[in-house]
Amino acid sequence: MSPTTMTILISSLATGTIITASSHHWLMAWVGLEMNTLAIIPMISKQHHPRATEAATKYFLTQAAASATILFSSTTNAWQTGTWDITNMTSPTANMLLTMALAMKLGLAPMHFWLPEVLQGSTIKTALIITTWQKLAPMALIFTMSNALPTTALLTMAMISTLLGGWAGLNQTQTRKIMAYSSIAHLGWMAAITTIMPNILTLNLVLYLLMTTSMFYMLILLNSKNIKDMATSPTTSPTTTTLAMLTLLSLGGLPPLTGFMPKWLIIEELTTQNLTTTATILALSALLSLFFYLRLSYSSTITLAPNTTTTKHKWRFKPTINTTLLTVTLPTSLLMLPITPMIC
């Protein structure tokens, strides 16, 4: 893909997100979401491979269905209230439809079916964009409407997402699918706190973006597409492998790393609101996620001899990625926990 085309697509992604996040009319929010969808599809299918074409088709159909549901819910609300204002969603039916549509946009369970397959059919860089930047526009709508969304539905989807994200991730060997189920589990934590404390939702989203970006950048640096590649990564770069292990543990929420902070705050707030059952299920599901993070971390720290691989020696390839963003996101994703008392 030419640099001009890539520049246009990335600019369209940024513009679509900004339009959705800054709009007060549902039609403009829908336009921004459609710009995001249409810009990311060529990036998914640029490999000209059947898996990439399949991933682009699945992504388009899912996002188109979610966008149509958003239009239908906003039209239903406008029919009953006479306004297209995003902050004036008072119809319970429209709010429930909108919650389902935004959950499909994000990949929350049980509307998660598209996310692992789309990430597996995309390149690692495109998977990074799907799991980070593409979450911003739907999350902006969720944050704007946090007072109107049905709490019971969000808590139910949160528990299903965290349990499924941890349980399904146990059986995966592909790093992109592991990161997909990691994204589903983290989105479940965000959904649990949406209507209760939107400020913690924002904090969780920012830390999720930092940790996921750091992890994907290190997967690109190590050229690791599965657990076997992670096992041979110490021969490529022991330092990067160690940092990748710490980032995985931070994603799993292991103290004293940064990923523990949002989980701690969410469980504390849920307990304060007498939602002890939900808090217990979320805490137990975090153990499932932590298990496959630990497994991936353990496999990445086993040093194997360079002659154990029969394919091209990946340590002969030079990394082709700018590490400037990595130097910014990595320290934050690992060392931010001590400032938790100041945030509380």
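Cβ atoms here come from the backbone N, Cα and C positions, even for glycine.
Automatic prediction, not curation, is the source of TrEMBL annotations.
Record note: among 118-142, 243-267, 243-267 is the stretch given as transmembrane segment by TrEMBL. Taking pairs at least six residues apart, the transmembrane segment (279-298) and the transmembrane segment (94-115) share fewer than three Cβ pairs below 8 Å and do not count as touching.
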